[in-house]
Structure formats: structure tokens, C-alpha cells
Amino acid sequence: MSANHDDRHDRPDPHGRALRLGVGGPVGSGKTALVAALCRTLGPVLRLGVVTNDIYTTEDADFLRRAGVIDPERVIAVQTGCCPHTAIRDDIAANLDAVETLEERFGPLDLVIVESGGDNLTATFSRGLADQQIFVLDVSGGDKVPRKGGPGVTSADLLVINKTDLAKHVGADLTVMSRDAAAVREGRPVLFTSIREVPQVYAVAEWVHGITQAWAHAQAHDHGEHGHAVPSGS
Ligand SMILES: Nc1nc2c(ncn2[C@@H]2O[C@H](COP(=O)(O)OP(=O)(O)OP(=O)(O)O)[C@@H](O)[C@H]2O)c(=O)[nH]1
């Protein structure tokens with residue numbers, strides 16, 4: 001663990017803050033496209049903030065701001081300057097600062113999405129940074145990837161397999177990917193998307209909406225009061 005790591009960040013405070021959702025996965029699998037899609041679909045019903053991670057640029061944040069799917073000020077770019085997994089797993093202070101800045105400026109928020117830089121199959125978020133995690137694969141990496149496993153594939157709260165429109169071009173068998181993912185994930189959900197063809201990503205948005213609602217209800221219960229109710233029907 002880095003010397004910069006701040007112990008107060010070891011555990012998420014479950015009271016009075018937004019759900020923090022990590023989105024990780026290999027380079028180019030469609031993480032930014034998914035975050036944009038979630039902002040497009042959930043923006044009307046949830047109060048959102050987004051943190052992006054790039055090594056040296058602010059490319060992903062710039063894309064989201066240009067896409068017009070969220071108030072540009074609600075997107076903060078973290079420049080990691082190092083392997084993306086370090087910034088989301090070992091030395092999470094910069095990301096936590098960004099999340100907390102969004103909550104101070106725009107809070108209360110319902111959901112803060114933290115998009116990792118593209119990394120390998122072993123990259124997962126610290127539970128001190130993300131309450132829930134989505135891991136994004138794409139079919140152009142080949143249909144063998146789910147059975148290779150790795151913590152992202154096996155233990156993410158949701159596995160998204162994107163770019164199904166490319167399956168026929170790269171000879172990927174989606175049935176094989178579905179079967180192999182189910183075999184290593186012990187019942188955790190898997191959803192297939194083609195963000196190019198269906199930019200609203202309805203099923204993923206519904207899953208995200210559900211966990212956000214559950215988070216809000218748990219906090220209201222913890223406080224013994226009715227917290228902010230997330231509108232239903234995404
Ligand atoms: N054909 C196809 N292309 C897609 C789909 N989703 C995303 N893309 C394209 O894939 C490329 C990479 O998408 P990004 O969303 O930037 O991927 P990323 O995982 O954020 O990439 P890094 O941040 O560089 O790791 C872009 O050119 C997208 O337009 C899809 O469903 N189908």
C-alpha cells in the first residue's frame with residue numbers, strides 16, 4: 001500500500017452519501033461508452049456524478065462532456081500517471097478526493113460512477129472506493145476470455161459483455177461466452193450489450209437503478225428516517 005494512502009479511506013461510510021459504482025475492464029472494451037449510455041438513460045431519474053481515470057490525458061472525461069449526456073461540471077478527470085489498477089485498488093486517495101469533491105459541489109447525489117482506465121483481467125476496485133463494480137469485456141477479444149477468469153470476470157457484481165454486433169465478424173460464439181461466464185461467476189449476473197446498436201443499455205441501466213435504490217433504502221433505514229427516494233421506472 002502506498003505511503004499516500006489515507007487510512008480514513010479504508011472503509012466506505014455507509015451514511016449519507018451516494019452509491020459508488022466502479023466500471024473497469026480491458027482497454028477499449030467500451031467502458032466510456034457504457035458510462036455515457038448510463039448517464040443518457042439514468043440522468044433523468046438519478047442525480048449523477050462521474051470520475052474518469054486516464055494515465056496522462058483527460059480523454060474519457062472530454063468525451064463524456066462533449067457527448068452532452070451530463071452537466072460537464074459533474075465529470076472530474078483523475079490523471080493517474082501510473083498503472084490504472086494502482087489508482088483504483090492500492091492508492092485510491094485521488095479518486096476518493098474526486099468523488100468527495102463531486103458530492104460537496106453537487107450533493108446530495110444518488111450515484112457516482114468511477115470509470116477506471118483500461119487494464120488487464122486482474123484489475124478490480126478497492127471496496128474502499130467502489131461499493132459495487134461492473135467489469136466490461138468485449139467480444140472482439142475472443143470468446144475464450146470469460147473462461148480465462150480473473151477477478152474482474154469472476155467477482156464483479158455485474159459482468160457486461162459488449163460489442164455483440166462484432167461477434168459475427170470475429171467468429172465469437174456468444175453462447176460459449178455466456179456458458180463460460182456463468183460457470184465461473186457462481187450466479188452473479190452477466191448482461192450482453194451492443195452499445196452501438198442500443199445506446200440506452202436498458203438492462204444494465206435497470207440493474208444500476210436497482211442497486212442505487214437499494215443503497216438509498218438501506219441508508220434511510222440506517223438513519224431511521226426516509227432518505228431521498230430514488231424515482232422508480234428507469
Ligand atoms: N462495434 C462496437 N463498437 C463499440 C461498442 N461500444 C463501444 N464501441 C467502440 O469501441 C471503442 C472503444 O470504446 P470506449 O468506450 O472508448 O472504450 P474504453 O473501454 O472506455 O476504452 P479505454 O478507456 O481506452 O480503456 C470506441 O471506438 C467505441 O465507439 C459496441 O457496442 N459496438
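Glycine is treated like the rest: Cβ placed from N, Cα and C.
Curation plays no part in TrEMBL annotations; they are all automatic predictions.
These numbers come from a predicted model, not from an experiment.
Feature annotation from TrEMBL assigns compositional bias 'Basic and acidic residues' to 1-16.
According to TrEMBL, the feature region 'Disordered' maps to 1-23.
Summarising model confidence by region, the domain 'CobW/HypB/UreG nucleotide-binding' (22-191) averages a pLDDT of 94. Residues annotated as domain 'CobW/HypB/UreG nucleotide-binding' in TrEMBL: 22-191.
Other Cβ atoms within 10 Å of the Cβ of SER29 (GTP binding site), summed over all protein chains shown, number 24. Mapped onto three states, the DSSP output places SER29 (GTP binding site) in coil. Sequence annotations record features per position, and here TrEMBL assigns GTP binding site to GLY25, PRO26, VAL27, GLY28, SER29, GLY30, LYS31, THR32.
Only VAL27, GLY30, in sequence order, out of the binding-site residues PRO26, VAL27, GLY30 have a CB under 6 Å from ligand 1.
In the shown protein chains, 30 other C-beta atoms lie within 10 A of the C-beta of GLY25 (GTP binding site).
Of all the binding-site residues listed here (PRO26, VAL27, GLY28, GLY30, LYS31), the one with the fewest other CB atoms within 10 A of its own CB is VAL27. Neighbours of THR32 (GTP binding site), defined as other CB atoms within 10 A of its CB across all chains, total 23.
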